Amino acid sequence: MRQALPLVTRQGDRIAIVSGLRTPFARQATAFHGIPAVDLGKMVVGELLARSEIPADAIEQLVFGQVVQMPEAPNIAREIVLGTGMNVHTDAYSVSRACATSFQAVANVAESLMAGTIRAGIAGGADSSSVLPIGVSKALARVLVDGNKARTTRQRLTLFSRLRLRDLLPVPPAVAEYSTGLRMGDTAEQMAKTYGITREQQDALAHRSHQRAAQAWAEGKLAEEVMTTYVPPYKNPFAEDNNIRGASTLADYAKLRPAFDRKHGSVTAANSTPLTDGAAAVIMMTESRAKELGLRPLGYLRSYAFTAIDVWQDMLLGPAWSTPLALERAGLTMADLTLFDMHEAFAAQTLANLQLLGSERFAREVLGRAQATGEVDDAKFNVLGGSIAYGHPFAATGARMITQTLHELRRRGGGFGLVTACAAGGLGAAMVLEAE
């Protein structure tokens with residue numbers, strides 16, 4: 001094992017995560033229909049600051065992410081600063097790392113804290129799958145640009161006369177990987193076939209996720225970390241995730257048809273995470289700054305790792321690559337963990353990564369490591385359910401996982417937790433957290 005890389009400032013301060021909050025997550029076109037991601041981000045950051053009672057000028061940086069970009073608000077981070085009453089001089093910039101976007105935001109704030117350029121910052125992300133940037137065809141886009149430069153009405157009419165009816169149709173956002181043309185679900189199907197993951201195994205994991213999430217809500221475990229929201233026309237509050245199917249049975253999952261490989265597939269809408277709207281954020285500080293403000297941190301960031309693999313085959317294996325690296329940098333092994341939380345993009349992807357984490361052959365032949373990362377104990381794995389149940393607003397999921405894991409560690413008396421996610425482009429992310 002290589003030497004651990006401690007995440008501390010020059011003064012030896014640990015990186016503290018003081019608090020975290022999210023909106024309830026809503027299925028596409030339901031509770032947050034028509035609410036853009038920037039407004040969801042303002043909601044969660046505004047409420048997070050109000051609850052924390054931290055002086056507004058104490059926050060020196062905000063790093064926020066958005067995967068489904070909105071052309072009218074390209075820097076969502078700065079818009080949140082301007083729309084929440086934060087100090088207008090607060091540094092703010094936006095990041096995007098697909099489904100690991102808020103992992104990246106947290107890492108960036110941590111690096112600013114370690115560099116000593118700030119003492120407190122906010123990291124997070126928001127996405128809306130209900131407010132989408134609907135584009136135009138390439139032919140129409142070219143004519144619009146050329147028409148803007150045309151000098152006469154006749155020239156403009158000539159340009160538009162070249163268009164066909166199909167050129168006028170709206171173009172929805174791409175759902176496939178740009179470099180391969182493969183959808184995420186196609187990759188999940190690849191992984192199910194490569195690693196021999198059955199439909200029954202996938203449905204069982206999805207059912208487990210929903211049951212555990214429903215239980216977490218019923219026991220009040222999420223109440224402190226999920227805000228109540230009010231959206232136009234402001235008649236009814238929205239306080240709980242609306243994707244969780246607590247009353248479902250395994251027989252219900254078996255009824256659905258494959259969504260991607262219609263003939264031979266096993267990936268369905270029920271064993272995949274749905275399109276979702278929501279936002280999440282965390283407040284981060286140096287340990288000494290938290291003490292100055294009289295705050296007890298939720299926990300600390302012990303290590304993080306980002307990895308990348310090829311996109312043509314089984315590209316959602318990021319957790320199998322990033323987990324051993326994050327553990328190594330933390331100076332820990334799988335056995336040292338109290339909790340292990342993995343983003344469930346698809347049940348097939350989740351099960352494939354779990355399989356490879358325990359594989360000696362994968363460790364030796366692919367990772368070049370002497371031994372497997374380690375089997376994940378089911379008693380430590382996604383103990384409150386995962387993304388299949390809660391939903392997945394792309395840029396918000398990492399911050400949700402971090403906050404949720406730290407709260408659960410505190411309930412268990414402290415310890416170490418690892419959160420990890422796959423992401424489009426063959427990317428992976430993992431972070432080791434510590435609570436006392």
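Heads up, the Cβ atoms here are built off N, Cα and C, so glycines get one too.
Sequence annotations record features per position, and here Swiss-Prot assigns active site, acyl-thioester intermediate to CYS99. Annotation source Swiss-Prot lists active site, proton acceptor at HIS392, CYS422.
The two recorded residues HIS392 (active site, proton acceptor) and CYS99 (active site, acyl-thioester intermediate) have their Cα atoms spaced 8 Å from each other. Under a cutoff of 8 A between CB atoms, and with a sequence separation of 6+ in the same chain, the neighbours of CYS99 (active site, acyl-thioester intermediate) are VAL67, HIS343, ALA345, HIS392, PHE394, THR397, GLY398, ALA421, CYS422, ALA423, ALA424.
According to its DSSP assignment, CYS422 (active site, proton acceptor) is in a strand. Most Cβ neighbours within 10 Å, among the active-site residues HIS392, CYS422: CYS422 holds that distinction in the structure as shown.
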